[in-house]
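Going by TrEMBL, these are the annotated features:
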type	residues	note
DOMAIN	78-194	domain 'DUF1985'
Amino acid sequence: MATSSDSKDYSSRMYLPGKSPLRNHNFNYGCHLTDLSKLREGLGDEVFNDVMNASVVGVILQLAVRGYTWSAHLIYQYKMWSIIEGQPLRFSLHEFADITQLNCDPIAEFRAVLGVSASESPNWYQLGYVLSRCQIWIGRKKRMVAKLFILHVGIFGLHRNSRVPLKCAKRVLDEEAFENSQWSRLAFKSLVESMRVASFDRDSYTLHGFVHAVLIWAYESVSILGEQFEKRVQNDQNPDTIPLLRWHSSRPRFNLENVMEQGKRNSDDNKVCSCKPFEVNPVEEIYPFWPDEDANPNVDKKLDNMILEILDGCLDESFWANCEPAIKLSKKEKRKKHVVM
């Protein structure tokens, strides 16, 4: 890892404060947890509870049964950074693993897998049809249906006309292979790639993947958001409860800048809140491992310098207030943002 220096030189933010195109867009997503509530009726309590409590992806059903409702220039390919009042926050595979407790261990060497045929995996509507007629099926087949639903809705968060990747759908045929699969990595990759290609040319945009992990990451990382808009589960005294299941949720609407300013006014030191920048790992493991990325963690010296200074407690939080953004709005976009509707 690079060494810290007196000159503060970090990665640039994408947009100036208050200029992000996200501010003026509605948000859509495909990870509708209410869809999973139909599994209990179609499969029965025994199979539903078996998958929820015993399967590697069962945590998604645990979140669904709690009535949870969904209410942020990537530096590395599978990573997102945000700036809150000069404090950088990372959403990477490490934070995703901490929030969901899904298996995020490094992927093993490539090994023989099932061949891809010309057939297709089912979409949401076809799964719904199967669910309506599988009540008399044996438990093993019902568990396959449940896992396909979880892959479609929870892991990949797909549109209802879209299909789970065929090689992933085939894994439900082999229970051991399914339970040993790296579903957390696939869920995180699907989510971040969806963020990368989101288009802001229209009034709304859509994200795929397990979007609920991003929301809970925000509540866990920025204390004022969790305190003001969400409530922790009050009757859960278990210190081992995973972050994904710590929160009740709703659809709060708020202006982030106003919330930050209010937080500073209410604080003794004029600081907005405590922020948790990222999951702290040993220095040699600070970057999550991805087989298709350069193994050299020093690809981006500015990012490396920022992380080191966060760990050393000497981050310059005023840096982004004075630096040029990586993306500048065109004159046309600036005029459009000032049009009164």
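Placed from the backbone N, Cα and C atoms, the Cβ positions cover glycine too.
For the domain 'DUF1985' (78-194), the predicted model reports an average pLDDT of 78. Counting residues per DSSP class in helix, strand and coil order gives 58 helix, 12 strand, 47 coil for the domain 'DUF1985' (78-194).
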